[in-house]
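Going by TrEMBL, these are the annotated features:
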| type | residues | note |
| --- | --- | --- |
| TRANSMEM | A:12-35 | transmembrane segment |
| TRANSMEM | A:55-77 | transmembrane segment |
| TRANSMEM | A:89-106 | transmembrane segment |
| TRANSMEM | A:112-131 | transmembrane segment |
| TRANSMEM | A:143-163 | transmembrane segment |
| TRANSMEM | A:204-223 | transmembrane segment |
| TRANSMEM | A:251-272 | transmembrane segment |
| TRANSMEM | A:278-297 | transmembrane segment |
| TRANSMEM | A:304-326 | transmembrane segment |
| TRANSMEM | A:332-351 | transmembrane segment |
Amino acid sequence: MSQAKVPTWVNIALIPVLNIMLAFLVSGLVILAIGENPIEAAGYLIYGAFGYDEGIGYTLYYATNLIFTGLAVSVAFKGGLFNIGGEGQAYIGGLGVGLICLSLDHTMPLYVIAPLAVIGAAVFGAAWAYIPAYLQARRGSHIVITTIMFNFIASSLMVYLIVNWLKEDGRMAPNSRTFEESAWLPYLHELLSPLGIEIGDSPLNLAFIWALLCCVFVWGLIWHTRWGYQLRTLGTNPTAARYAGIDTAKVTIWAMLISGGLAGFVGLNEIMGVNHNLLLNFTAGYGFAGIAVALMGRNHPIGIILAAILFGALYQGGAELAFEIPTITPEIVVVIQGLVILFSGALEHMFKDRIEGFFIRRAVA
Amino acid sequence: MPYAIELRDISKRFGAVQANKDICLQVPAGTIHGIIGENGAGKSTLMSIIYGFYEADTGHIEVDGKRVDIRSSQDAINAGIGMVHQHFMLVENFSVLENVILGAEGGAVLKNGIGQARVELQRLAHEYSLDIDVDAIVEELPVGLQQRVEILKALYRGARILILDEPTGVLTPQEADHLFRILKALKDQGVTVLLITHKLREIMASTDNVSVMRQGEMVAHRETAHTSKEDLAELMVGKKVRLTVDKDEAQPSEVLLSAQNLSQFDSQGVKRLKNVSLELRAGEILGIAGVSGNGQSELLNVLSGITPMDEGEIHFAGQVITAKAPKNAAQMRDLKMAHVPEDRHKMGLVTGFEAYEAAVLGYHNSPVYNGKILMNRKVMLDECNERMAAWDVRPPNPHLKTANFSGGNQQKIVIAREVEQNPEVLLIGQPTRGVDIGAIENIHEQIVKLRDSGKAILLVSVELDEIMALSDRIIVMFDGAVVGELDAKDADERTLGLMMANAFNEEQEGVSA
């Protein structure tokens, strides 16, 4: 029995590129329909995302959040779990970061606060994922349902905490006081300028480097540790996992803890890196976009980095586009993002089977 | 007179598996026709083709002498074919009436359809003596009556050919007897019945004709009156190429594993393993014979720690394992019990893994394969290369996905993994299922070699020849219980076949499930 194989590059390159092209084609039709020139629009979008230092900085800053949430989704997915709760875990992770910063920024230097904030983000995010994980592993409640619900609980909890406890006294805005600078993650443009490298001002900060380190960590964890081996066994063949004596409940819970911790790191980038205070709704849908990023990146860290940069470019280039062509409102940009998610995520199999069939037939012939 | 249903050269392939091969079948109208075969012989696939769930790759179906094109279950219903599935397709919180009209509501307003259905159902119930309260809620009915609803559903849609897939699997003996009375009544009214089962007793008791399937092929057609249980049992199990294994007289010594009164219930509360006791000695191969689905899988799973037992105890390696003090599969491995599972795809391998990864499944925690933090890939690869050479695994490529090896080579990867751990006890299920002849010999030699080094082997196989060629002692299982034990020297196919069909003591027992 020999099975014809599809070349690897077809799966990891050709099909995703084809899907994106199709998404852009349909987006072009949408832009035509509102009476604008799609070529010109594409030009603004690409220039906005990659055309100048600040644009690139913004693109990578958005990508940072998406790498964290994309990794979170993929770790759970490797164990056969669909973690839809990245949004809530990121939100609560941010709470962890905020509490560390608010309590230590007057007394401690950055090199003490930053590691503690990393731990805070991971612990808070993981704790928020633990409850659905426990319910799935020990009580059989479906993790998709519980993680979705926990997004809502997280959202309400944060409103309550910020409005009632953490809000700055005497101010109307629903956010905490601004941290002292000792609790600000340095911007990359600040870090690089002493080295003689000048890049334009952008919110891109040290969290981006941490995101890349997390990619390496996840890669090693999943493909090179025995825990990762157990996770992948559970994710692809649960019966074989029981045969192998793997404690499936324990692996399930740990997968969700790591997933939640990774999602929590969004708080590093947003709270400590950019906003410098604890505020409402800073997660802005990154948790959900992470699902698309993981899908498109084939649950592999390299793929996730590439997909996160693509989505980051859509966020940044889209903003530029809406600015340059006023008839293309931010809502149209959301439509374009939606089309990319639709074609690369939900409609993944539209071409896949046919293209694979083509290559299999060609290999057999 | 044309046949009620005729199959011509039906073939169906799933990937590498030929599920049905050139099946021909002729069923005269107004008869009960049995189709018998082991699990995995292709019976259910064939019925799914007739009922339009799958399309045949080649061949066609004729109903009443006319060729019909069945592409969906609706086509099958239109052709007058009805099916009662093994697992009922009923909406549990609907009434009998609502279930029967489901999919044939007769218009957007339910009221008219329900009125007509009520009248029609009463007629059907009367005609075929299928009494039932049409307003009862299905989930409140006993299983036997739920099945009756399925039969009514088919008849209501005008079925003249009724297929029943393992209908007695969920029934008590009394309910089963009642079912067969109903089938007789249906036959008297001219309905043609196709009965799929692996139980010989039912075939003998209720059918006019019987066809035997084995490994995807139709191997024999018999008139039930002119055949016997032994004949059918032999046809089902099949005579393979005569296997010969060179082995010396066994030298059994101390008991390595003993099990007492092991019982296990499935999630429906049905007792699948019934008070099984056995002893396994060092230096012997104990064969478990039986038609598949009679508790062998459950026995393997309980002994290996994959599923906990509900009653009884196991003594192994100085430990007493009970329902209250269970050991999981990893703990059993630590006590040096190895297990080659019956189904390598579902259980023994992760087909998406590369060969060298699958080659440590279950032993992945061993310090041999692990560094401080990361797994030691080099050790795993080196060992996999060595084993592939020693066991002649082809192609000898540790990076190939396990799914892309042939069945025989996959099996070698699994057996090598378990045997090379040098276990005290080896549980081995269907060691040569789907393995080609050359590899079978090699696998058998390895099993005997392990025995000769003083280890104990428990062999489960549905191939009688394999059981007889390898075993030193044979236990026969039927319906979850041990029904006989004999020395391999005294075993012949006829005796084993009768024991496997539990025909030795059936007369005294009368009705047994």
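Note: Cβ is positioned from N, Cα and C throughout, glycine not excepted.
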May I ask you to check whether the transmembrane segment (A:304-326) and the transmembrane segment (A:89-106) make contact, with contact taken as at least three Cβ pairs under 8 Å and only pairs 6 or more apart in sequence counted?
no
Would the transmembrane segment (A:332-351) and the transmembrane segment (A:12-35) count as touching if the test is at least 3 Cβ pairs under 8 Å, pairs 6 or more apart?
yes
Tertiary contacts of the transmembrane segment (A:204-223), defined by C-beta under 8 angstroms and 6+ residue spacing from its ends, are 57-58, 60-61, 63-64, 67-68, 71, 74-75, 78, 114, 118, 185-189, 191, 231-232, 258, 262, 265, 268-269, 272-274, 300-302, 304-305
Report the listed stretch (A:55-77, A:112-131, A:143-163, A:278-297) having the maximum count of Cβ pairs within less than 8 Å of the transmembrane segment (A:251-272).
A:112-131
Considering only Cβ pairs within less than 8 angstroms, which of the stretches A:55-77, A:112-131, A:143-163 has the most against the transmembrane segment (A:278-297)?
A:55-77
Test of understanding: applying the rule of at least three C-beta pairs under 8 Å (pairs 6 or more apart in sequence), is the transmembrane segment (A:143-163) touching the transmembrane segment (A:112-131)?
yes
For the transmembrane segment (A:143-163), distant same-chain residues with Cβ under 8 A (at least six beyond the ends):
81-85, 87-89, 91-92, 95, 128-129, 131-133, 135-136, 174-176, 256, 278-281, 287
